[in-house]
Amino acid sequence: WIMGHMVNAIAQIDEFVNLGANSIETDVSFDDSANPEYTYHGVPCDCGRTCTKWEYFNEFLKGLRKATTPGDSKYHEKLVLVVFDLKTSSLYDNQASDAGKKLAKSLLQNYWNNGNNGGRAYIVLSIPNLAHYKLITGFKETLTSEGHPELMDKAGYDFSGNDEIGDVAKTYKKAGVTGHVWQSDGITNCLLRGLDRVRKAVASRDSSNGYINKVYYWTVDKRATTRDALDAGVDGIMTNYPDVIADVLNESAYKAKFRIASYDDNPWETFKN
């Protein structure tokens, strides 16, 4: 999965997919009542990027729905996965469940079209703080109470705080999550980060008792780092330059081993090295 980073304006969906992304990452900020409000990152952000592009969250979802609904004039067949980077640090811990409930309602109405031919992309809810695990339970409860438990098949989870792998595993247990797990590792492109924890995450993914289905590394803009991440066995790379990742995947060393994921590739299925 080539994951376009910080896609917060509807116009950027086309831009990133046309550069080679089959997945996008979108920031979601919340208001004081735990309603998802804007797709907005703010300052500071990655080096070389404009930090302030935004939409109202529900409007972004409508644009995203068009981009992922077959037959729509804005449809992109290859856009198959969306990571919502949930900026929950503005919330109190006890608001996490409410945030999950409200997120589910927004997605149900504006993205999944109340279960009636909505957008088809898989969704990953990426949470920066292990203490906010009740966001997941609130999200699932709401899809069930609103009559659409089947949409949980389209949703997965990620804790993005670079926590100890063992602590993340314990948190999923508390949240009742037994699958659909992506594990991120990374840092802003302005700084360097080694691949030690990525390798641990990949080892956990490939073990018989690991909780991880997929591992992705962020934010990668250089060819050399892309090669290092691929050599470490990641499933996804988040980038500001999807064309760079696509170029490396075309190199003879990687062409035989990797391909770009399509809609038929289940993002919740573990593919071991």
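Our numbering is plain: 1 for the first residue shown, then up by one each step along the chain.
Here the Cβ of each residue, glycine as well, is placed from N, Cα and C on the backbone.
In the three-state DSSP scheme, His41 (active site, nucleophile) falls into the coil class. Within 10 Å of the Cβ of His41 (active site, nucleophile) there are 23 other Cβ atoms, across all protein chains. For His41, the entry in Swiss-Prot reads active site, nucleophile, with the evidence type similarity to another entry.
In three-state terms derived from DSSP, Glu25 (Mg(2+) binding site) belongs to an extended strand segment. For Glu25 (Mg(2+) binding site), the same-chain residues 6+ apart in sequence whose C-beta sits under 8 angstroms from its C-beta are Met3, Gly4, His5, Met6, Val7, Val82, Val83, Phe84, Asp85, Ser126, Trp218, Met238. Under the heading Mg(2+) binding site, Swiss-Prot lists Glu25, Asp27, Asp85.
The disulfide bond annotation in Swiss-Prot covers Cys45-Cys51 (among others) and rests on similarity to another entry. In sequence order, Met6, Cys51, Thr188 are the residues of the chain that are 6 or more apart from Cys45 (disulfide bond) and have a CB within less than 8 Å of its CB.
When Cβ atoms from all protein chains are considered, those within 10 Å of Cys47 (disulfide bond) total 12, not counting its own. Feature annotation from Swiss-Prot assigns disulfide bond to Cys47-Cys190 (among others).
Mapped onto three states, the DSSP output places Asn250 (N-linked glycosylation site) in coil. Note on Asn250 (N-linked glycosylation site): other Cβ atoms within 10 Å of its Cβ, all shown chains, come to 11. If you look up Swiss-Prot, you'll see Asn250 marked as N-linked glycosylation site.
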- prompt: What is the number of other Cβ atoms found within 10 Å of the Cβ of Cys190 (disulfide bond)?
  reply: 11
Message: Tell me which of the recorded positions Asp27, His41, Asn250 ends up closest to Cys190 (disulfide bond) in space, Cα to Cα.
response: His41
- prompt: Taking the Cα atoms as reference points, how far is His41 (active site, nucleophile) from Asp27 (Mg(2+) binding site) in Å?
  reply: 6
Query: Can you list, in sequence order, the residues of the same chain other than Glu25, Asp27, Asp85 whose CB lies within 8 Å of the CB centroid of the Mg(2+) site?
result: His5, Met6, Val7, Asn8, Thr26, Val28, His41, Val83, Phe84, Leu86, Ser126
